[in-house]
Structures are given as C-alpha cells and as structure tokens.
Amino acid sequence: MSTTASTPAPLYGGASGRRVSVRDILQAKERHERWPMLTAYDALTARVFDESGIPVLLVGDSAAMVVYGYDSTLPVTVDDLLPLTAAVSRATRRALVVADLPFGSYQGSPEQALDAAARFMKEGHAQAVKLEGGQRVAHHVEALVAAGVPVMGHLGLTPQSVNTLGGYRVQGRGEEAGAALLADAKELERAGAFSVVLECVPTELARRVTEQLTIPTIGIGAGPRTDAQVLVWQDMAGLSPQVATFVKAYADLNETLSTAARAFADEVVQGAFPDTEHSYD
Ligand SMILES: Nc1nc(=O)c2c([nH]1)NC[C@@H]1CN(c3ccc(C(=O)N[C@@H](CCC(=O)O)C(=O)O)cc3)CN21
Ligand SMILES: CC(C)C(=O)C(=O)O
Ligand SMILES: [Mg+2]
C-alpha cells in the first residue's frame, strides 16, 4: 500500500522528478513550510541552483544592474531579458522559472501585460511572471491569470518606482503605510496572484501580511517571518561590490575569482601556463 499521496515531498530537500508547479507552492503554504528562491540569469549558475534543489528561480530585472551594468532596473527591456530567461529554462529541470516583467512592459494595460507575459512563456519558456505593484496592477493580474499565466506580485520597495519612492528605502513604516501595504497584498491575492515578494519592509509588517494571506510571501529585507526568502545570487555568493543591509554573503566569490584571475595572469606572464599537460603533441 502506498502512502506517497498523503506525504508530499517538501519544496526544498525532497526529490522530485518533475518541475515544481504553482500548485506545489500553494500547498507548501498550507504545510507552513519555508523555502528558498534565488535569481538566475545564465545556464551554468541556473544548473547549479537547480541541482542544489532551489525550487524557484527568478530571472530578475535586477539583470539590468548585475548583468548589464546599469545603475537601476529601469533601462532593461523584454528583448534584453528574453535570452537570459530562455537560458535559465533550458538549463533547469526542476525549478519553477519566474520571469520578471521589466519597467514599461506591462504598466500600460492588462493587454500590454499579457503581450509581455506571452513572450516570456512562448520564447523564454518561463512558467510564471512577476510584476511590481498592488491595487494599481490588480486588473493586469486578473487578465494574466484568466489567460493561464501564474503571477507573482511584488510590494514594498518596488525598484521600478525608484524615482517616485525617492531612493532604495524601507517601505511600509507606520500604521497608515503598513495598512496600505496589507490591503495591496490582499488585493493581489484576490486578483489571483500565487505568491508575493515583500521587499524592504519592517519585520512585524511582513509577519502580519504572511499570517493574513493564504498565498506565500517571499521576503527580501523583510525579516524572518515570511514563507520564503529571496536574494540576488551575486549578493548571496559575495560577488556584488555593494550590498544592502539585508544581504548575507554565503561565499566570497569576489575573492575566489580575483585570486584565480591573478594566478592565471601570473602563470601566463611567467610562461608557466600552458604546460605540456594542457597542450597537444
Ligand atoms: N544586486 C542587487 N541586489 C538587490 O537586492 C537588488 C538589485 N541588485 N537591484 C534592484 C533592487 C535594488 N535593491 C536595493 C538596493 C539598495 C538598498 C539599500 O541600500 N537599502 C538601504 C535601506 C535604507 C533605509 O533604511 O531606508 C540599506 O541600507 O540597506 C535596498 C534594496 C534591491 N534590488
Ligand atoms: C530581488 C528580486 C525580488 C527582484 O525583483 C529582482 O531580482 O529583480
Ligand atoms: Mg525585480
């Protein structure tokens, strides 16, 4: 007699022969399970994170900064992000791949949002999209979900609004701002979003939102009481030169890579590389 139907594998730490689904994500909330999410922008790192069991990978518009070298997320386009999304999808077998809709690709109308989302799903092979905002994008979320596109919301510090927010600062401080953020989160859930990112908000507010929603919350600078946590992978691995207070670096890739580059350069200058072992007869 099989008992597998009554004991689903956890999102992280459980084997799975198939890709994680939005349904798996919603069921993890019912089990009060915490799970990790990372960004990914290329095949090799996406494969590493997929094989490490990270259940959700986000092709973030943060690519504008960590891949393309801009100083905000605003300049990046659908055409810039599509090839990165396709690479992440090709390189992964298990992770749910979420495509971040870039600034200007969805705000105009629900129809515009569906056009952008369809490109990420048809050409980027993503399984879901993410967009920033609450009540102001509720109709966009409804249209996407009605068309069969799973939507991840994003509240708090929404970097595409950096020019109206006046910088990358903590959001939702104080009774009024906190109540507005909670209302936005409930509106996203009502519109059919399957999860919501909470960026740079006080711990207690994130805890309250997490408790009041039936969809998972994914924190970044939102304290420990969200259902999931996300970091930009270059921040997580110690490659980013400047990071926010909420970042913890779990490796020192900046040091590792610069040491390797200098060792290679020194051996080239000395004539020690390549030796016979790395040359053809
Ligand atoms: N590499 C990278 N990591 C990210 O997390 C990230 C990006 N890029 N690009 C898009 C946005 C921008 N993000 C940021 C950038 C800076 C702060 C920051 O410096 N925040 C201040 C808070 C100041 C306050 O108290 O209000 C800090 O000191 O942490 C926060 C989020 C998060 N996102
Ligand atoms: C940090 C996450 C949530 C994001 O939106 C991004 O990487 O673009
Ligand atoms: Mg983003």
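Note: Cβ is positioned from N, Cα and C throughout, glycine not excepted.
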Say TrEMBL lists D61, S62, K130 as binding 3-methyl-2-oxobutanoate: which of D42, D80, D100 is in the same site, per that record?
D100
Taking just the CA atoms, what is the gap between K130 (3-methyl-2-oxobutanoate binding site) and E199 (active site, proton acceptor) in Å?
13
Chain-mates of D61, S62, D100, K130 with C-beta within 8 Å of site centroid, 3-methyl-2-oxobutanoate:
T39, L58, V59, G60, A63, T73, L81, A99, L101, P102, H154
Residues that sit under 8 angstroms from D61 (Mg(2+) binding site) by C-beta distance, when 6+ apart in the chain:
T73, V76, L81, D100, L101, P102, F103, P159, Q160
